[in-house]
Amino acid sequence: MTENNQHLKQDWTRHREGVVRAARGTQLTAKSWLTEAPLRMLMNNLDPEVAENPNELVVYGGIGRAARNWECYDKIVESLTQLNDDETLLVQSGKPVGVFKTHSNAPRVLIANSNLVPHWASWEHFNELDAKGLAMYGQMTAGSWIYIGSQGIVQGTYETFVEAGRQHYDGNLKGRWVLTAGLGGMGGAQPLAATLAGACSLNIECQQSRIDFRIKTRYVDEQAADLDDALARIAKYTAEGKAISIALCGNAAEILPEMVRRGVRPDMVTDQTSAHDPLNGYLPKGWTWDEYRARSVSEPASVVKAAKQSMAEHVEAMLAFQQAGIPTFDYGNNIRQMAKEVGVTNAFDFPGFVPAYIRPLFCRGIGPFRWAALSGDPQDIYKTDAKVKELIPDDEHLHNWLDMARERISFQGLPARICWVGLGQRARLGLAFNEMVRSGELSAPVVIGRDHLDSGSVASPNRETESMRDGSDAVSDWPLLNALLNTASGATWVSLHHGGGVGMGFSQHSGMVIVCDGTDEAAERIARVLHNDPATGVMRHADAGYDIAIDCAREQGLNLPMIGR
């Protein structure tokens, strides 16, 4: 390490005790709502109700952080409080690096996280940079300041389970059960999603603290003492037709093979451990969590090897379930790739969830539309729920989702909601929310964003763009164009990341957030952004030859020069 890097290494802090929470109400800390919004959402990402490990700036997904270190966090906060409405803050891998004069319709923040030149886009190189304080893993919504807790993925998981039920069980999951693992920020959505879809679930998690958190937030119903107890509960509840979620503390690489040996037959098998990051996110079998964390620092290469070997056993068990005729699918954590790298040559014999169940939605620009109430008042969300029903009156499935979400989903941090809606609907809802702020029906502005897992904002050959019809799985021009268009359209902040969901070298993706502050200027920006953003998804899928997307483009009047109009 050079002398300069040695100084850099000593000059930053990853761990700091204390509680970060976003302000509530209408009193501003920043100069306007356009800068108050990213400030509150950054802080909300680190709220103890939201983040997995807030003292180390980790929001979710292994080491997905909101800022590179605490010094950078403090400077981001300072910069946002001082930022004028004709200036733009640039954030490079969680570090505020510049403030530039732009104009009032430009984004207030532009973020680039974890991006590496392709030849160097590996965990090994990233971890070297990370150790020197030169990079930060932003996951998808951690480093882009629009994570809303496990609710953010609940509906996508719910839609997946419902569609799997339609395809395999005549649309009825009553008396069925899902086997899965991982109860972190993303995987924690699975038990509740299964329950809402009408199924029981057995959810394996190696950290008791995560099980405790999911039970506290009502994402998990109960915990079993051991595998025998878990299977007995599953047998009882499925026989009774109840949809109950059960957590089991243990290692999936040990428990799934044991279930195969016993001849246990779930009705659906998937996984959402943090397998994308073998150094930080997947516990090798036979190890304790404390041992894993210590050895990841002292002997990272051996830790990665051990984690991948355990993943191989995990995937082999999933393959055995599939070969027994049980619907089995990857839920986007790249576990198949990790297993393949250590010799499981047929790891990709079971599909990813997007080509299996979700792509028809993406073809219509339908994806994870989310919003948060900057007031902190849950009533603002309930009023927007009602507005969604009013503006989309004939979608019974969506109405059921909103009713179930209100009944079952606990808000984490600032109250927020997610619902999957598409091109045309997003702009209508955004303009309506803005009018509700203008009229005073909502007590403060709201922000509208989305996951990077959306129809036009990601290139990820092992997840969102797996098995594209034209073979364009790895073409990453599309998320770059999405980020550029959202910037040109006037989103309040725009992000461009690498490695989210599936790890370094396997994805590029972009995000946007826009503020509804009740002004005419906001309405103009909302109309542009919330049309153009999902339209890029329709464009991307139409370009790949999907008839559903081509029809949608024609219906919505999109100008796609190479697509016959």
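Using N, Cα and C of the backbone, Cβ positions are placed for all residues, glycine too.
Straight from Swiss-Prot, the features:
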- Cys419: active site (ACT_SITE)
- 61-62, Gln139, 185-187, Glu205, Arg210, 251-252, 272-276, 282-283, Tyr331, Gly501: NAD(+) binding site (BINDING)
- 463-472: compositional bias 'Basic and acidic residues' (COMPBIAS)
- 453-472: region 'Disordered' (REGION)
Long-range neighbours of the compositional bias 'Basic and acidic residues' (463-472), counting only residues six or more past its ends (CB under 8 A): 330, 332, 334, 351-352, 354-355, 362, 453, 501-502, 506-507, 543-546
Coarse DSSP state, helix versus strand versus coil, of Tyr282 (NAD(+) binding site): coil
Fewest other C-beta atoms within 10 angstroms, as judged across Gly61, Gly185, Gly501, which are the binding-site residues: Gly501
Rounded distance in angstrom between the Cα atoms of Gly501 (NAD(+) binding site) and Cys419 (active site): 20
Neighbour tally for Tyr282 (NAD(+) binding site), based on other Cβ positions within 10 Å of its Cβ: 30
Least buried by Cβ count (within 10 Å) of the recorded positions Ala252, Cys419: Cys419
Tally of residues which DSSP labels helix, strand or coil - the region 'Disordered' (453-472): 0 helix, 2 strand, 18 coil
Length of the line joining the Cα atoms of Gly61 (NAD(+) binding site) and Cys419 (active site), in Å: 22
Distance from Gly185 (NAD(+) binding site) back to the residue listed as 'active site', taken between C-alpha atoms, in Å: 18
